[in-house]
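Since the structure comes first, as structure tokens, the remarks are kept for the end.
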């Protein structure tokens with residue numbers, strides 16, 4: 001984007017700085033969590049079926065509730081402002097990680113999983129959706145794809161820094177440092193982040209609690225219906241929803257079991273995990289911050305999306321067929337390209353939705369993705385455990401990952417039919433009023 005691109009990012013400074021700190025704090029715990037949970041639940045073992053199943057159950061529960069929560073958070077961000085929703089979502093990680101700073105016993109790990117599940121329901125996906133909607137408020141349409149690529153590029157840069165810290169910090173200090181950074185984020189946002197949406201504050205004091213409750217339910221239903229109509233009546237949003245669903249179905253399944261698979265198949269520990277994640281992160285920074293803004297005007301979102309999906313298929317197949325410890329490193333290198341799926345998707349959704357509907361469109365598509373993340377562990381967790389065990393029908397420890405790659409193939413097929421079109425005007429109900437309604441009236 002160059003100097004002009006940096007100037008466009010200036011209004012987002014107080015958004016991107018705390019988000020980067022938040023992502024660093026979360027990422028620095030990822031590689032060590034596998035060792036912590038395996039050590040607590042299956043002491044002395046390298047393969048832990050219990051941890052794999054708990055992760056699958058967690059992913060399923062999160063997917064069930066995210067189907068409802070994500071679209072609602074997107075709607076609330078449109079109606080009552082981005083700032084309060086961002087502060088809420090980034091705050092939810094503090095308590096779960098705080099438990100692991102106190103104790104890493106079996107009981108505390110179970111408590112962590114319960115609270116982390118609640119945290120994921122509120123924050124996973126919603127932070128990005130609301131941040132993208134915030135960016136769309138202050139950036140013109142022609143520059144959004146580049147700005148979104150910078151946001152996802154900073155996300156990758158944060159992951160690299162988080163993995164560097166995880167690689168060199170002693171295990172005993174990782175969660176303590178993470179907690180300090182996580183507390184900093186909501187405090188900073190409260191003090192410095194500016195609101196971009198005028199919140200709706202009209203409240204009817206004379207209504208009874210029962211009538212207000214019923215009205216809230218009815219209004220949320222209308223709002224959900226509006227968001228559904230917004231997506232289903234737009235060929236672009238409908239197609240990108242299918243692309244996102246099948247991509248997330250495969251990729252979330254892989255992400256949920258990958259580190260446990262590598263630990264079991266090749267004996268990887270937090271150092272190897274950090275190296276792989278850092279390698280992907282460094283390349284992703286370049287591809288998102290430098291390459292995508294340069295090639296997007298030349299090829300457009302559709303071509304970039306298809307290239308990224310093709311790369312994700314190669315990524316999954318190499319992991320699934322990995323025959324030596326160096327193969328996962330080769331597979332991880334494809335992350336430099338497949339990471340472009342996210343910014344391309346955000347840009348397509350943003351182009352196909354009106355400014356006032358950014359939160360609703362991003363939130364609804366994220367809700368569709370959460371359905372995929374709900375379904376994938378139902379198959380991936382037992383399939384992975386089966387093929388990592390001695391009872392596997394044949395010797396292919398990565399068979400579940402190969403199955404997940406088929407979902408990315410379907411996603412690529414839908415992406416090849418995508419047509420990026422400008423949004424239509426809002427639809428109105430039979431009374432001439434927009435069916436959107438505020439949460440409280």
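Cβ atoms here come from the backbone N, Cα and C positions, even for glycine.
TrEMBL assigns the feature transmembrane segment to one of the listed ranges (361-379, 380-398), namely 361-379. Checking the ranges 47-66, 147-166 against TrEMBL, the transmembrane segment annotation falls on 147-166. Of the given residue ranges 219-238, 399-418, TrEMBL assigns the label transmembrane segment to 399-418.
Annotated range for transmembrane segment in TrEMBL, selecting from 28-46, 85-103: 85-103. Tertiary neighbourhood of the transmembrane segment (276-296): same-chain residues 1, 5, 27, 30-31, 145-146, 149-150, 152-154, 156-157, 159-160, 163-164, 167, 262, 304, 328-329, 332-333, 335-337, 339-340, 343-344, 347, selected by CB-CB distance under 8 Å and a gap of 6+ residues from either end.
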